[in-house]
Amino acid sequence: MAMEFLRSSRRILESSGCAIALIFLLFIHGAHSFYLPGVAPQDFEKGDELKVKVNKLTSIKTQLPYSYYSLPFCRPSKIVDSTENLGEVLRGDRIENAPYSFKMREAQMCNILGRVTLDAKTAKAFKEKIDDEYRVNMILDNLPLVVPIERVDQGSPSVVYQLGYHVGLKGQYEGSKEQKFFMHNHLAFTVRYHRDIQTDAARIVGFEVKPYSVKHEYEGEWSEKTRLTTCDPHTKRLVVSSATPQEVEQKKEIIFTYDVDFQESEVKWASRWDTYLLMSDNQIHWFSIVNSLMIVLFLSGMVAMIMLRTLYRDISRYNELETQEEAQEETGWKLVHGDVFRLPTNSDLLCVYVGTGVQCLGMVFVTMIFAMLGFLSPSNRGGLMTAMLLLWVFMGLFAGYASSRLYKMFKGTEWKRIAFRTAFLFPAVVSAIFFVLNALIWGQKSSGAVPFGTMFALIFLWFGISVPLVFVGGYIGFKKPAADDPVKTNKIPRQIPEQAWYMNPVFSILIGGILPFGAVFIELFFILTSIWLNQFYYIFGFLFLVFVILIVTCAEITVVLCYFQLCSEDYLWWWRSYLTSGSSALYLFLYATFYFFTKLQITKLVSAMLYFGYMLIASYAFFVLTGTIGFYACLWFTRLIYSSVKID
């Protein structure tokens with residue numbers, strides 16, 4: 001029996017090592033993931049009209065998006081809202097038509113968009129947005145508008161791109177200390193295109209802008225034929241950065257103008273997003289991978305030592321005992337065989353959390369597969385969030401199945417009650433936090449507030465699809481025969497001896513969460529930067545590697561600590577296995593708090609509440625995901641070792 005256990009343990013460890021090695025090799029060359037465009041390419045002939053769209057105003061200081069036309073910019077005769085998917089609405093996107101008129105490959109200079117005379121209210125609105133460093137986001141042919149910024153990186157010049165341009169800027173006139181607000185009222189657009197030599201048709205591969213603040217002047221009365229003296233296409237006078245800036249004050253007249261330049265590019269349409277997705281910190285990601293792999297190898301060595309040496313020796317010794325007296329003299333994990341599968345306290349709640357963890361695990365895994373295949377690229381705006389929501393809903397089937405299977409193993413009979421709690425506990429907590437945050441956003445009149453129609457759609461996804469699927473999964477899982485325990489449970493619980501200080505439940509649980517968090521914290525930095533500093537994150541190959549390492553780390557650290565716990569004759573492993581790996585969520589939230597105070601510039605109370613509210617939801621989801629991994633690892637481990645020894 002011992003040799004059979006040894007062989008099975010070796011096979012498991014070898015297959016696990018091969019699996020990790022195979023995954024690593026699969027992604028070592030394509031860690032960025034490849035890109036499948038979210039839309040079909042569109043060809044433009046010379047003179048074709050190009051439709052520019054405006055999106056939300058964004059700020060990393062407030063994290064509150066606003067509609068472009070919430071400020072008194074020049075408007076088209078009729079504002080038309082673009083159709084948006086669920087993810088776009090939840091992100092606060094508000095895509096609308098713009099008054100800009102572009103003709104393909106026809107340069108324009110100093111086009112007058114319109115003029116606005118500021119009153120006290122509009123001047124205050126512009127000043128507030130400038131002070132909060134809001135950026136204007138636009139879209140052309142599904143490409144976001146970027147501002148090119150030249151910088152010197154390691155002695156060589158390079159260009160980085162920032163999404164959107166600032167509404168304005170703050171500064172002082174020469175010789176004055178009084179701070180003034182200036183408006184970016186002239187935009188110099190550059191549209192880059194790739195031309196087909198055979199057909200002469202062109203495809204757009206870049207959309208850039210350089211914003212200027214200029215106090216436009218003109219002679220005579222204002223009319224449709226007015227020519228500006230500060231920017232005149234007839235005299236080829238261009239706007240320059242040294243021009244007198246346009247101040248934002250009450251009763252000031254602001255004239256909005258723009259240039260359009262077209263530049264041919266060697267970049268092909270299929271590669272046009274490379275500029276936006278180009279990452280210059282690959283070395284840091286690889287360091288993260290290597291760092292995490294070192295943790296995995298260390299834990300794998302410990303697990304191998306336990307399973308291939310200690311357990312083999314223990315099982316051989318236990319199986320060779322001749323008398324009951326000799327067995328009673330032994331100490332260690334075998335002594336608790338009659339209690340190790342005793343029903344845990346709050347077993348119903350454990351079933352619910354395990355089912356929810358399976359739902360989270362399935363959602364994350366499938367989402368990453370789609371992301372690596374390119375279906376959730378940034379060109380598919382809102383696609384990532386939409387996919388995660390829909391996958392969460394449909395993974396309810398597996399949540400119900402997992403919770404009811406465990407519930408039946410615990411000899412439960414009321415599977416409908418478990419299915420109900422599985423369908424409602426986690427979503428109810430998340431929804432309560434979400435509704436409070438949404439109310440705060442509504443109070444700020446931000447476009448980030450979820451409309452009632454979208455709210456109804458979310459409720460329908462929950463009650464109309466997710467809940468029934470949880471019950472279907474629960475029914476299927478409960479109908480299957482329960483897994484038998486490898487050993488019988490004694491009627492009278494065994495007394496647990498006094499434990500050493502390092503085996504204290506709270507201490508061991510907190511220690512157990514450090515390594516899983518250590519495996520992901522570097523990648524977590526880039527994810528937080530992407531979310532809260534308005535940058536692209538599209539390195540799902542790296543992320544998938546880290547995710548696999550996280551799974552292995554959670555499983556191994558929990559198994560190691562579970563073994564030490566059983567050797568101390570403490571058989572209350574059910575909840576502790578869940579909390580050991582799940583405690584990594586506590587470190588995630590603490591790191592998010594550290595990130596808030598060291599990297600973000602948020603000053604408003606509402607914005608801070610939004611940040612910590614969303615990070616609380618993320619930490620809660622991380623808790624159930626990692627906790628479930630640790631629980632199943634320990635369940636497999638205990639069933640394996642106790643099925644491999646002779647029990648009299």
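Cβ atoms here come from the backbone N, Cα and C positions, even for glycine.
With respect to the membrane, Swiss-Prot annotates V450 and L640 as residing on opposing sides. Your range for motif 'Endoplasmic reticulum export signal', going by Swiss-Prot and the list 307-312, 595-600, 637-642, is 637-642. Under DSSP, the residues of the motif 'Endoplasmic reticulum export signal' (637-642) split into helix, strand and coil as follows: 6 helix, 0 strand, 0 coil. According to DSSP, the topological domain 'Lumenal' (599-604) comprises 1 helix, 0 strand, 5 coil. Beyond the ends of the topological domain 'Lumenal' (599-604), by six or more residues, the same chain brings 60-63, 528-529, 532-533, 611 to within a C-beta distance below 8 angstroms of the stretch.
Long-range contacts of the transmembrane segment (423-443) within the same chain, counting only residues at least 6 positions beyond its ends with a Cβ under 8 Å from a Cβ of the stretch, are 64, 352-353, 356, 359, 396, 399-400, 449-450, 455, 462, 466-467, 470-471, 606, 609-610, 613-614, 616-617, 620-621, 624. Beyond the topological domain 'Cytoplasmic' (403-422), the same-chain residues lying 6 or more positions past its ends with a Cβ under 8 Å from any Cβ of the stretch are 343, 347-352, 354-356, 358, 470-471, 473-478, 480, 482-483. Most Cβ pairs within less than 8 Å of the transmembrane segment (286-306), among stretches 356-376, 382-402, 507-527, 578-598, 605-625, belong to 507-527. Of the two recorded stretches, the transmembrane segment (356-376) lies close to the transmembrane segment (605-625), with three or more CB pairs under 8 Å once pairs fewer than 6 apart in sequence are set aside. Of the recorded ranges 382-402, 507-527, 605-625, the transmembrane segment (578-598) has the largest number of C-beta contacts under 8 angstroms with 507-527.
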